[in-house]
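A.B. asks: What Swiss-Prot shows for this protein is this:
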| type | residues | note |
| --- | --- | --- |
| TOPO_DOM | 1-143 | topological domain 'Cytoplasmic' |
| TRANSMEM | 144-164 | transmembrane segment |
| TOPO_DOM | 165-172 | topological domain 'Extracellular' |
| TRANSMEM | 173-193 | transmembrane segment |
| TOPO_DOM | 194-381 | topological domain 'Cytoplasmic' |
| TRANSMEM | 382-402 | transmembrane segment |
| TOPO_DOM | 403-407 | topological domain 'Extracellular' |
| TRANSMEM | 408-427 | transmembrane segment |
| TOPO_DOM | 428-938 | topological domain 'Cytoplasmic' |
| ACT_SITE | D467 | active site, 4-aspartylphosphate intermediate |
| BINDING | D467, T469, D873, D877 | Mg(2+) binding site |
| BINDING | 467-469, E590, F632, K637, K656, 685-686, 765-767, R847, K853, 876-877 | ATP binding site |
| COMPBIAS | 508-519 | compositional bias 'Polar residues' |
| REGION | 508-535 | region 'Disordered' |
| TRANSMEM | 939-959 | transmembrane segment |
| TRANSMEM | 962-982 | transmembrane segment |
| TOPO_DOM | 983-1011 | topological domain 'Cytoplasmic' |
| TRANSMEM | 1012-1032 | transmembrane segment |
| TOPO_DOM | 1033-1040 | topological domain 'Extracellular' |
| TRANSMEM | 1041-1061 | transmembrane segment |
| TOPO_DOM | 1062-1065 | topological domain 'Cytoplasmic' |
| TRANSMEM | 1066-1086 | transmembrane segment |
| TOPO_DOM | 1087-1105 | topological domain 'Extracellular' |
| TRANSMEM | 1106-1128 | transmembrane segment |
| TOPO_DOM | 1129-1146 | topological domain 'Cytoplasmic' |
Amino acid sequence: MADQIPLYPVRSAGAAASHRRAAYYSSAGPGPGADRRGRYQLEDESAHLDEMPLMMSEEGFENDESDYHTLPRARITRRKRGLEWFVCGGWKFLCTSCCDWLINVCQRKKELKARTVWLGCPEKCEEKHPRNSIKNQKYNVFTFIPGVLYEQFKFFLNLYFLVVSCSQFVPALKIGYLYTYWAPLGFVLAVTIAREAIDEFRRFQRDKEMNSQLYSKLTVRGKVQVKSSDIQVGDLIIVEKNQRIPSDMVFLRTSEKAGSCFIRTDQLDGETDWKLKVAVSCTQRLPALGDLFSISAYVYAQKPQLDIHSFEGTFTREDSDPPIHESLSIENTLWASTIVASGTVIGVVIYTGKETRSVMNTSNPNNKVGLLDLELNQLTKALFLALVVLSVVMVTLQGFAGPWYRNLFRFLLLFSYIIPISLRVNLDMGKAAYGWMIMKDENIPGTVVRTSTIPEELGRLVYLLTDKTGTLTQNEMVFKRLHLGTVSYGTDTMDEIQSHVLNSYLQVHSQPSGHNPSSAPLRRSQSSTPKVKKSVSSRIHEAVKAIALCHNVTPVYEARAGITGETEFAEADQDFSDENRTYQASSPDEVALVRWTESVGLTLVSRDLASMQLKTPSGQVLTYCILQMFPFTSESKRMGIIVRDESTAEITFYMKGADVAMSTIVQYNDWLEEECGNMAREGLRTLVVAKRTLTEEQYQDFESRYSQAKLSIHDRALKVAAVVESLEREMELLCLTGVEDQLQADVRPTLEMLRNAGIKIWMLTGDKLETATCIAKSSHLVSRTQDIHVFRPVTSRGEAHLELNAFRRKHDCALVISGDSLEVCLRYYEHELVELACQCPAVVCCRCSPTQKAHIVTLLRQHTRKRTCAIGDGGNDVSMIQAADCGIGIEGKEGKQASLAADFSITQFRHIGRLLMVHGRNSYKRSAALGQFVMHRGLIISTMQAVFSSVFYFASVPLYQGFLMVGYATIYTMFPVFSLVLDQDVKPEMAILYPELYKDLTKGRSLSFKTFLIWVLISIYQGGILMYGALLLFEDEFVHVVAISFTALILTELLMVALTIRTWHWLMVVAEFLSLGCYVASLAFLNEYFGIGRVSFGAFLDVAFITTVTFLWKVSAITVVSCLPLYVLKYLKRKLSPPSYSKLSS
């Protein structure tokens, strides 16, 4: 301990130090640490601070550079917060008291309440409920134009151009034709309005289609057709197979004999697995549909809420004696936007419209703004400052003669092209082109660009945060190991298990029908077989049976209809053929376990709400009654089932779950923890399986308490959990299972490529530490020669203090930390932990919750100011994906929720390499070149205007008017400039082969103040050469200076585009010649625009003049002088200091 460098200097722990600490913490108030304590719900550790005095006086930090200087930071933060409370407290009080009333009056948001819904009687509803209409439109007929204009003019630049355009209606400020300013602005607005109108019309059509869908409504007089938008709370709605459920309903009846049905929820939660739903038993037992109106029944439903995975309610039938009460849970609900997958269902509507779960969970994601857009915005502000400075300089040199303020405003108008209005249009069109290229890339099929505004972010990433299961791995589970405590079975010894199972059930089959199958192996122990072998055989039999029974898997059988060719689902007891059977479950782990029991001889052939059937190797079908089912939850991390063997009437409670949840439930053993660690180090996902045999009296007592808890309206979940926990005691440990999730194709080379590109990779997973570490090594996220620092579990501030010090002394090692330790460290040492973790080549966070994943992303963005990317495939990754600067979703076996919420969607992890190295890199470099060239285009013409005005005694007279100004940024130069989106410095194959090229992009050298200043100097040089050249060489033909300078300007811009291009595309050549042709053709039609001061001088362009040799060689000379030096400088730079890509492209 003596050689450790403490995070805070440790001094004597005397009474004075304790007093200072107490004073410090008492005065600190509810600072940031208090906020974090509330967020993470951790216990206060202040009582233990005497063990390790962490915060001392400021003197303790002197001359100790190794210590973190968080005490001054804490004091500054405390003082700032105190000042904020003093200044803002009164203001907030006034605003709250004065504005709350106004807000309440304006909004009057309806309070959501619990409700009582009578079956088939909408008129009995006590309150008015929203219409069941879907409305995704942003505007209506009256708000469309004002809304779109507001969205555009809330940005400073657009508002600036509007003010400039409106100024031309003032005669004293008018400096040209109105359309010179209104045409570009109108074009931008027209494009935006057209795009919004198309999107709005598509939304309107989709809404109309959904709201007009017809459903059968059950009434006293029979079935009637009703539109989805006309459905009300209390209606009884019939939904056919493959039909969308129109509103949130309670499941009353189904045509399926089992009283249950399957629904698809991929449009609600993104999960592709079917969900089993159960009808209310009271209404399912009714003989006919019409009997629903002959009973007096109602549903009590909780108030509408966001959580799609929970529901609390009751079903009550009043006309029976005594009244029937049934508890309702999530399995009795049919949420809107889900699809009925089997049978026909009847439900009573409980929530409609904006109160449905699907609508309440629909929110507009935060609009992500790319770093390049922010950088261009800063440069635009610099241009605006240059505009103001230049105008002031011109007025100053004019001597403030006359109405100088009017001249100042006129100069602002003359030089307004310094800020290019076409910049945003060009960049938006470029982003659309990049998205199209990404989706058309045959090397990454299935890639979808869902956010077209940030493709350049793919080229600036520094941190990549990835999920493990389904992202780095295939999410295809294969059963690999079964451990019984004394013996372990792997893939090469599975035939032994199959032999044990076969012998066990053959022995059972030879016994009388009343024989207990579970005791068969024990009775065999009386034979001549050694005792150990019989014991192992018995344990194998019990373990396999437990795995085959404890799950939520349902076998589904498909049969081909002869005439229609449609697929229908038959009853399971009609056909047990293996080739027709598929399994449906909420988790691929469940399916893997059931498939394994099938491979060793015990097959799940049928399952409904009340029973489950298993087929033994001898062909005998065993039936088990399902008494209770306890589904898996992320909080409990386990699931259980109580079954009764019909042949023996034996009641057994089976349970399986994660080792952390099961270790305190099972009986004492000395092997579980060790073997879980061993399997995890092999990269296996482990599950602990246990059982407990119940007597009839024990079960009846439990069932009564459980039913009572399920009928509770308040704190139902807590009461139910407490009852279930009463059974989870001293359970018999049966086995430990290991399932392997194999790596996706090309994960290793992809991760290596990303590391070589300078991207730091963090793996955030909910799996256990050993498994996460093993996957990190096998995927080469952490190289085998690299040290790994496993952050030991910490629960207090002092432990976190010591562990951070230990970690701080290590260099170039990967960090592995658990979610619990992460919470503690972030509570006390947020900045320090992030600072240290960012220095690691790789970080693995295990046992992470979805909230923690998103918080880690947010911390990285705030502390590093670097661009982050999150990639995942499941619903638990959505918050992380949305929190990152760039979110990538993978369409995997866990569904499409992550893919739909992401900015980019891919089908395999290996596609991220090409997405970043090729498309991300090209998008950033192209947009950087395009943005700077568009600004250059405005700067050069403004420079020429400044020279022109200075020559004419600083007069605020426009050099170019009318169509020349409109055409300059459109038909004359738009196509060549926009063709820069096709440019590339290296071939895609070279960019992938040398990912080090990507590392240069993170420095932002393609678009920086340095490159911006270079383009400013180029613009000033070229603008001055063009204008002074035109004035000097054409002294005798001075009236033609507009035509001369403008022609040289267009040629210069075309040559500059050619000079900027690094790889020619045939469309670039077409764009160059097309623009040149348009300009030459316009000379014959726009001759009135080519005279200087047409009204004053009366000069027009002589067509014969531009065909003379003198005109041509002088224009050519001016153009060459403006471009040749730049080409020479570029050539010398590439020879003397070549960029990295030039060595590969040569």
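Cβ atoms here come from the backbone N, Cα and C positions, even for glycine.
What does the local environment look like for each feature on the list?
C.D. replies: Remote same-chain partners of the transmembrane segment (144-164), defined as residues 6 or more beyond its termini with a Cβ less than 8 Å from a stretch Cβ, comprise 138, 181, 184-185, 188-189, 192-193, 196-197, 200, 380, 384, 412-413, 416, 419, 421, 424.
Each residue of the topological domain 'Extracellular' (165-172) gets a DSSP state, and the totals for helix, strand and coil are 7 helix, 0 strand, 1 coil.
Using a Cβ-Cβ cut-off under 8 Å and counting only residues 6 or more beyond its ends in the same chain, the topological domain 'Extracellular' (403-407) has close neighbours at 172-173, 394-395, 956.
Annotation for D467 (active site, 4-aspartylphosphate intermediate): same-chain Cβ neighbours under 8 Å, separated by at least 6 residues, are M763, L764, T765, K853, I871, G872, D873, G874, N876, D877, M880.
For the recorded site, D877 (Mg(2+) binding site), the DSSP three-state label reads helix.
Around the Cβ of N876 (ATP binding site), 22 further Cβ atoms fall within 10 Å across all displayed protein chains.
Taking Cβ pairs closer than 8 Å, the transmembrane segment (939-959) reaches residues 175-176, 383, 390, 394-395, 397-398, 407, 410-411, 414-415, 417-418, 968, 1015-1016, 1019-1020, 1022-1024, 1026-1028, 1031, 1042, 1045, 1049, 1052-1053, 1093 in its own chain, all 6 or more past its ends.
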A.B. asks: Find the member of 382-402, 408-427, 962-982, 1066-1086, 1106-1128 that has more C-beta pairs under 8 Å to the transmembrane segment (173-193) than any other listed stretch.
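C.D. replies: Ranking 382-402, 408-427, 962-982, 1066-1086, 1106-1128 by Cβ pairs under 8 Å to the transmembrane segment (173-193) puts 408-427 first.
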A.B. asks: Other than its close neighbours in sequence, what residues sit by the transmembrane segment (1106-1128), given a CB gap under 8 Å and a spacing of at least six beyond its ends?
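C.D. replies: Cβ under 8 Å, 6 or more out: 1018, 1021-1022, 1025-1026, 1029-1030, 1033-1034, 1043-1044, 1047-1048, 1051-1052, 1055-1056, 1059, 1083.
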A.B. asks: Please list, for the topological domain 'Extracellular' (403-407), how many residues fall into helix, strand and coil according to DSSP.
C.D. replies: 4 helix, 0 strand, 1 coil
A.B. asks: Which listed stretch (382-402, 1041-1061, 1066-1086) has the most C-beta pairs under 8 A with the transmembrane segment (962-982)?
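C.D. replies: Against the transmembrane segment (962-982), the leading stretch is 1066-1086.
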A.B. asks: Tell me, how many other CB atoms lie within 10 A of the CB of R847 (ATP binding site), whichever protein chain they belong to?
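C.D. replies: By my count, 19.
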A.B. asks: What are the DSSP helix/strand/coil residue counts across the topological domain 'Cytoplasmic' (983-1011)?
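C.D. replies: Here the numbers are 17 helix, 0 strand, 12 coil.
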A.B. asks: Hey, which bits of the same chain come close to the topological domain 'Extracellular' (165-172), Cβ under 8 Å, at least six residues off its ends?
C.D. replies: 178, 180-182, 185, 406, 409, 413
A.B. asks: Over the topological domain 'Cytoplasmic' (1-143), what is the model's mean pLDDT?
C.D. replies: 51
A.B. asks: Using Cβ atoms only, which residues of the same chain lie under 8 Å from K656 (ATP binding site) while being at least 6 residues apart in sequence?
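C.D. replies: Once residues fewer than 6 apart are set aside, K656 (ATP binding site) is near A546, I547, C550, R638, M639, G640, M662, L687, V688, V689, A690, T737.
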